[in-house]
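Engineer: Sharing a structure, written as structure tokens. Questions coming.
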Amino acid sequence: MSLKLEVKTEIKLDYQGFQNQINEFHKRINDKNSPDINFLGWNNFPEVAINPQEIARMRKIVENLHQNSINVLVVIGIGGSYLGAKAALDFILGLGPFENKPEVIFLGNSLSSTDLYQKIEYLKTKNFAINVISKSGSTIEPAITFQILYQFLIDQIGEKLAKTRTFVTTSIKSGELLEIAKSNELEIFEVIESIGGRFSVLSSVGFFPLLFAKINVDEIIQGAIEAHKKYSTSSISQNLAYKYALFRFLMYKNFNYKTEILISYEPFLIYFNEWWKQLFGESEGKNLKGLFPASAIFTTDLHSLGQFIQDGSKNFFQTIIYIKKPKFDLGIKKLVQFNSKINKLSGKTVSEINFQAFLATTLAHSSYGNNPNLVLEIADSSPKTFGHLVMFFEKACAMSAYLLGVNPFDQPGVESYKNELAKNLGWDR
């Protein structure tokens, strides 16, 4: 998979002055004696992240579910426990709607009673299974949802059958969810201790939902392996992941930009953008430091945010993901019933016009709007490309956080709201 990176800005950037720092942090990411080795399982790929025996077990389970007409999987999880899988499904399949295909529904990522109620109403007519994902089981959103949905499944089909349709992805060492799974004799998949949630899509956390949806997980793994090798050098000129990390750092530190907007030209990248926001937001946003990760989908958001991006305050830069080959395309035919200027576009395809919009917008924002633009061009939206892009961003994120002087692998600020909520509820986490 080819990934191209192009910077469009008048700002002069000196990358080579940082090579020694990059070398130091590269060693920290890759050295087996790194002080952060207990958080680097995602980078020990595929040896630590991939469990072939567990994937084989998942395949058999999925095959059995499909043979028994279980056509809906409800994934219960929040943050990294669902964003990666949702991003992958949309990236690879598109947004549909789909007929006669396995469906994956995501719950437990909010405390909305309305959303939960409406999805349960939908499930009343479906044959469904549950995959609850939580390292410990003490996160309130998925914990509540699992309790409600598991009871609903028992009411629908009985406890004995419900146990055969409920799958738990959690730590195999300890935790409340592990104890629940064991005491109820539920199937368990492993959350690897050395892989944090936001880095976990290329592991069992992401693979079971993807296998259920008949995604080619082997191709995802192959794409990630290729990216892992490609971005294994410390050379800034040869490692685009590190070059992207350094570009972000320079925008923040040397030129005082506070926000990075990740822009895509395909609606099916909405949740990829959300995954990226968690990856960088939780990894960098600490010690009063870090770029605020925002996102937009063009051309849709050009009709809401376009004015601000062009003429508003200049505290942001843009990173653009552009997919060279669309999944599908449509030609525009002349319609004699319409006496319209749009008829002049007949003979073109929708993707050709989208590409011209990308070129025009990038020029307008970078040249006339004075917004630095970094373009990441990818070949397609295949499973292999997804695996490659995830590994690219994960490596870039670790380097970017180290350059910033923060720990990429903790998220102490998230605990603050959790602890206060537990106090309000009188709940012992």
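Positions of Cβ are set from backbone N, Cα and C atoms, glycine also.
Computed from a predicted structure; not experimentally measured.
Marked as active site, proton donor by Swiss-Prot: Glu282. Taken from Swiss-Prot, the feature active site covers His303, Lys418, and the record attributes it to sequence analysis.
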Engineer: Give the number of CB atoms, excluding that of Lys418 (active site) itself, located within 10 Å of its CB.
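Structural biologist: Taking all protein chains shown, Lys418 (active site) has 13 Cβ neighbours within 10 Å.
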Engineer: Least buried of the active-site residues Glu282, His303, going by other Cβ atoms within 10 Å?
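Structural biologist: His303, out of the active-site residues Glu282, His303, has the fewest neighbouring Cβ atoms within 10 Å.
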Engineer: Quick check for the class: what is the C-alpha distance, in angstrom and rounded, between Lys418 (active site) and the residue listed as 'active site, proton donor'?
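Structural biologist: Answer for this pair: 15 Å between alpha carbons.
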Engineer: How many Å separate the Cα atoms of Glu282 (active site, proton donor) and His303 (active site)?
Structural biologist: 29
